[in-house]
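One structure is given below, encoded as C-alpha cells.
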C-alpha cells in the first residue's frame, strides 16, 4: 500500500458534508472514508456533541478518524484518545449563563411561529444550542421550519437581538443545520480545532455552510486552511477523489 501523503489532512464538517442534516452517513460514504484514510490523514469537526456525531458517523468515530473534534474542537480526540476539553460554564460563570438562558427562553416564549415542540436550549460542554421550534420536532417539522425560516428570518432576527443584548459577553452566534443556532465565546468556532493540527503543512477543510454567518465560515476563510465548499456528501466524495485519488 502506498504511504499516506505526508503533512496533509482532510478535515470534514458533518451535517451536509458527510451526511444529510442529522442523518446517518451512508455505508458507501463510510467505505469511501476508509479508503481515503489510506491516502491522507483525516479528521472530522462538528458543532454537535460527541454522542450526536457518533449517531451520525458510528460509535467508533473517534477511532475511524485520525482526529475527531466535537463541539467545534472544544472536545478533541486523536487516535481515539482525549487530547483536550474546554467548558462554557467555567468560561462564562453561572450568573452570566443564567442571564443569557433566561433572556433566550423569554424571547422564544414570545415568538409567534406555527409550531413549537420541546428542548429549546441544549446546554453542551462548550456552547449553547438554541432552537426556536425545539429540537425534538419531527423530521417533517424540521423541513417545514427550515422553509419558514428562509422566508421569515426567524433565526437571523433572533441572533441579531441576542448579539446586541449580550455584546458585553463577547459571544459568537452561528446559524447551522435546519432549526437552530449555536452560541459560544468568540474564537470557539471551528477554527478552535486548528491548534491541534499545527504539524500539518496543508489542512484541506470541507464544509457546506461556508457563507458569512454559517458555522463553517471562519474555518473555511482561515489563512491556515485550504477551504472547499461542498453541497452534499456526494459532492464531498467527488472533490476528495479529484484532489487526493486522481
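Placement of Cβ uses the backbone N, Cα and C atoms for every residue, glycine included.
In sequence order, 44, 45, 46, 190, 205, 206, 207, 208, 209, 215, 216 are the residues of the chain that are 6 or more apart from residue 13 (active site, nucleophile) and have a CB within less than 8 Å of its CB. As annotated by Swiss-Prot, active site, nucleophile applies to 13.
Residues or ranges marked as active site, proton donor/acceptor by Swiss-Prot on the basis of similarity to another entry: 15. Taking the Cβ of residue 15 (active site, proton donor/acceptor) as centre and 10 Å as the limit, one finds 24 other Cβ atoms among all the protein chains shown. Annotation note: residue 15 (active site, proton donor/acceptor) sits in a strand segment as assigned by DSSP.
Annotated Mg(2+) 1 binding site per Swiss-Prot: 13, 15, 208, in sequence order. Mapped onto three states, the DSSP output places residue 208 (Mg(2+) 1 binding site) in coil. The Cβ of residue 208 (Mg(2+) 1 binding site) has 24 neighbouring Cβ atoms from other residues within 10 Å, across all protein chains displayed.
The feature alpha-D-mannose 1-phosphate binding site is assigned by Swiss-Prot to 22, 124, 135, 142, 180, 182, with similarity to another entry given as support. DSSP classifies residue 142 (alpha-D-mannose 1-phosphate binding site) as helix under the three-state reduction.
Positions annotated as Mg(2+) 2 binding site by Swiss-Prot: 220, 225. All chains included, 23 other C-beta atoms sit within 10 angstroms of the C-beta of residue 220 (Mg(2+) 2 binding site). Mapped onto three states, the DSSP output places residue 220 (Mg(2+) 2 binding site) in helix.
Nearest Cα neighbour of residue 142 (alpha-D-mannose 1-phosphate binding site) among the listed recorded positions (15, 220, 225): 15. Here residue 15 (active site, proton donor/acceptor) is positioned 15 angstrom away from residue 135 (alpha-D-mannose 1-phosphate binding site), judged by their C-alpha atoms. Cα to Cα, residue 15 (active site, proton donor/acceptor) and residue 22 (alpha-D-mannose 1-phosphate binding site) are separated by 6 Å. A C-beta separation below 8 Å, combined with a sequence spacing of at least six in one chain, links residue 124 (alpha-D-mannose 1-phosphate binding site) to 48, 49, 71, 88.
Sequence-distant contacts of residue 225 (Mg(2+) 2 binding site), defined as residues of its own chain at least six apart whose C-beta falls under 8 angstroms from its C-beta, comprise 11, 194, 203, 204, 205, 219.
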